[in-house]
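*Asks:* A single structure is presented below for examination.
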Amino acid sequence: MKEHERIKKKEFPQRQKLLCIFGTGDLGRSLGLRLLQSGYGVVYGSRRPNSCGPLPQGAQVMTHAEAAQSSNLIFICVHREHYEFLATMEHHLKGKVLVDLSNNLKKGMYPEANAVYMQRLVPSAAVVKGLNTLSAWALQNELLAGKQVFLCGESGEAKQAVAHLATKLGLTVLDKGSLSAARELEDFPLKLFPEWRLPLSIAVGLSAFFFFYLLIRDVIYAYVEKKNDISYRIMVALANKVFPIVALVMLSLCYLPGAIAAFFQLYRGTKYRRFPNWLDRWMLCRKQMGLVALGFAVLHAIYTFIIPIRYSFRHKLISGVKNNKTTPSYFDNTEAWGTDSFISLGILGFFLFVLLGLTSLPSVGGYLSWREFNFIQSKLGHLTLFICTAHGYIYGWNKFLRPSTYKWYTPPGYMLCLIVPSVVLVLKLLLLLPCVDRALTRIRQGWERTQPKEMDEIKSTNL
């Protein structure tokens, strides 16, 4: 029988009066300070007790062997390459709980997890992997309330002792099982926006495509065909065309996978078959896509507000006033309706856009019931998409009838960006048809068009 399995029978006290920390670096000092503030005594174990630098007031420092005798719970705040000293003092660590807080610089640096390696070095101790997602900065600034941490280990009592301590610090603990999950826990701090990669990649790709597309149509075309240098428009005017285009396309991409998934279910006649991996991944990052779209919409609103303070706009306005001192201007009622509708829909669409973004935040969405959240994200979401799409159509008005609109036989950017949202709205209208909606509702309630093969085999066997 392994030693750590025998340790499972050992009872650990609910409150450790004196706690031990191996390591006097930033993380060790910050953890010790937080433990002292919570009413615990702290003893540091160091290779050089007399030259380890300033430590929190009230903490003691001694050698590793002496510190290990003072507490049953020891926090290991050293890097993996310094673990060898643990094997030399195994008899001092027998029956102790070792909490491994180490992380690596990158994934796959070592063939086994740090906690597994530590357990192999000290088989007579109970190793618990956890608290490695805490940073020294968060510990020093007391930013632990409600923060979730993970634990894993072979000894249930050891994990319970660590979880009790973490709860005292204001942390929320999630047990991930045995030490086999240590690799996963060590990879958590190394993740860099995993759910944001696809939305950000799509946003960057769309921005780059439409920027160069509009650069060719507007700036380069004017210089080549008319010898007119309008490169100054790149900074504001061109950017203010790209931002709303990307925002509208990204918003429509939030609702397109839901429509595709619905048609998959209608085609298969069941909800019990998994969607393709690409569709699963797409549906899981819809929230991030919506927030990225909201960011582009905010940029569009800001850039629109600063248009009157641009030099080119003021120069054009003053020149128009000077050249039309006595010439009365004709008031076009149709044009006035179009302009006011365009502005009104833009303001309303932006307001609903912000509302969708706010309800996506956990602090806001947590206070909504499922029906309220679904109503805002689905019903108001599609309404927002419809209003923003109408905003784009009214912007184009009757320009698509003019040959001058198609510079070098290419359609303007707003026409291209209206394709995806128009497709999404058409698919949504099809799904709202009574016959389609009725069938989809039955499927999502568990009805299947054909019986599973297993049931057919059972029936044939019974016959």
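Here the Cβ of each residue, glycine as well, is placed from N, Cα and C on the backbone.
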*Asks:* Quick test of your reading of TrEMBL: among 57-75, 133-151, 380-398, where does it put transmembrane segment?
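*Replies:* When 57-75, 133-151, 380-398 are checked in TrEMBL, transmembrane segment belongs to 380-398.
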*Asks:* Tally the residues of the domain 'Pyrroline-5-carboxylate reductase catalytic N-terminal' (20-103) by DSSP class, grouping H, G and I as helix, E and B as strand, and everything else as coil.
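*Replies:* Looking at the domain 'Pyrroline-5-carboxylate reductase catalytic N-terminal' (20-103) with DSSP, the answer is 32 helix, 19 strand, 33 coil.
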*Asks:* Do we see three or more Cβ pairs under 8 Å linking the transmembrane segment (380-398) and the transmembrane segment (288-309), pairs being at least 6 apart in sequence?
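*Replies:* These two stretches do not touch.
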*Asks:* Counting by DSSP, what is the helix, strand and coil composition of the domain 'Ferric oxidoreductase' (245-376)?
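*Replies:* Across the domain 'Ferric oxidoreductase' (245-376), DSSP assigns the residues as follows: 106 helix, 0 strand, 26 coil.
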*Asks:* With a cut-off of 8 Å between Cβ atoms, can you find at least three pairs linking the transmembrane segment (200-223) to the transmembrane segment (342-368)? Only pairs 6 or more residues apart in sequence count.
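*Replies:* In this chain the transmembrane segment (200-223) does not contact the transmembrane segment (342-368) - fewer than 3 Cβ pairs sit under 8 Å.
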